[in-house]
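As recorded in TrEMBL, the features of this protein are as follows:
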REPEAT    82-116  repeat 'PPR'
REPEAT    187-221  repeat 'PPR'
REPEAT    288-322  repeat 'PPR'
Amino acid sequence: MSRSCASLPSPSPAWDAASLAGALKAAAVRRSAPHVGPLHAVLVKLGLSASAILATSLAHLALRCGLPRYARDLFDEMPRPDVVSWTSLLTGHAHQGLHRESLALLRRMVGSGVEPNGYSLSGGLLACAGVGQDALALGKEIHARVFKMSLHGPVDPVVENGVLDMYSRCGSIEYACRVFRVMQVRNIVAWNSMMAALLGSGQPEEALRLFVSMVSCGIGVDGFSFSIVVDACGELALLKQGMQVHARVVGGGFEADVIVRNSLLNMYVKCGCVDSAELVFKVASSRDAVLWTTMISAYGKFGLVQDAVSLFDRMAELGIKQDGIAYLAVLSACSHGGLVREGWHYFSLMSDGQSSVKMHPEHYGCMADLLCRRGYLEEALEFIENMPFDSSIAAWSALLNSSRIHGNAKLSQLAASRLLKLDPENHSNWVALSSVHASENDWHETWTIRESMSRECIKKEPGCSWVELYDGVHIFLMADQSHPELYGILKTLDSLEDISMMSFQGT
């Protein structure tokens, strides 16, 4: 490793172990990369390279400055690294997002005979969570070590929370729930982690139930808790409950929290209340790019296309950064409103290099959708085939839907075939291709496709809808007859049809 540096500090009697330790700590706080080399030179000139404490501090500084290779080289020069040195290195890598490297260091640590402590295991758990499902097996091994530690005394809540977070982010919600139930200390971090895990795994109802339990247990609610529960209300379109939580947010003084504000705006959008979402946005008076982007997206979804375009342009005027998601929101708004000229304008800002935003397949898919919605099917096909990316599922889906609406069987078959090749696991692509051939009375090809679906055990997922009443949420699946009030519901539907028919005949 090179130790040369243009600004090496000259050896001075003022430098000693204590002053060097202070300088290393100060440089780490400031993440001052230019000081790494000079301070390393001082360490060598003072003859303190063998000091595990100072060498570890220098490696920690290098990691904080984004120099992981430098830190590992320093570590490898240590004659006998102790548990503190190992822990500092592996946790530092985990915090820098170098999760696989962190896990490799943990394996080296155990292989060298150094017993990990709670902080070491916490870093390993963070690394497993960063890797995700592929690291679940190793995460379970670390959990086993944590359990062994608990037999000799209480485990630090940080480590327990790390186990919970690891299982959640590795997709093992069942294990996360088990860990949560047996935790020795359930602090606000544990409750929030569990609620977030349930919400992230598609269980917003359970997240809401856990929130109620948390409040009834007297646990203080923070901004993250409110953000999670507001998101859960949005997922379920529970406007009444969402408004109640909003009242608690205001009462608790969390209305200025950026994350909570974004969740509230998103919740009102998902509940169909664009006016309430707009009120949240205006009251915030914020330059937060996420908040502006969410509002642009909301305007687009509710057909307020000119408002979406005006807000996007206002972002540029105010100097608020417009990222790829913001461009995607305004392109989507143009698509819903059929604004081809405006859509091409914003697309050109990205493609011509006038914007620093990097183009992604989603942007091309949005532009293809805009052309399709306006009926420019041949232009859309040419656009899709000339995309600089691999074919986009969204783009071909847009072409398929518009081709079927405009009765273009040739393009429908082409789009459906391409979709089936791109995403053969998606049952709707098989159904779409089958329906296209059936619409052309091509029954031989239709039955061939359906026989292939049967062989591959591909089944169409039943449609699902739900309605919120006073006694809860009622869920209905297509062809499902298990609802306890099915007879009364069907009877009411028949009576409504009779009334409708009588009104029609009366006119």
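Even glycines carry a Cβ here, placed using N, Cα and C.
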Chain residues outside the repeat 'PPR' (288-322) and at least six past its termini with a C-beta under 8 angstroms from it: 258, 261-262, 265-266, 269, 274, 277-278, 281, 329-330, 332-334, 336-337, 339, 342, 346, 355, 357
Secondary structure content, the repeat 'PPR' (82-116) (per DSSP, counts of residues): 26 helix, 0 strand, 9 coil
Secondary structure content, the repeat 'PPR' (288-322) (per DSSP, counts of residues): 27 helix, 0 strand, 8 coil
Summary of DSSP states over the repeat 'PPR' (187-221), given as helix, strand and coil counts: 26 helix, 0 strand, 9 coil
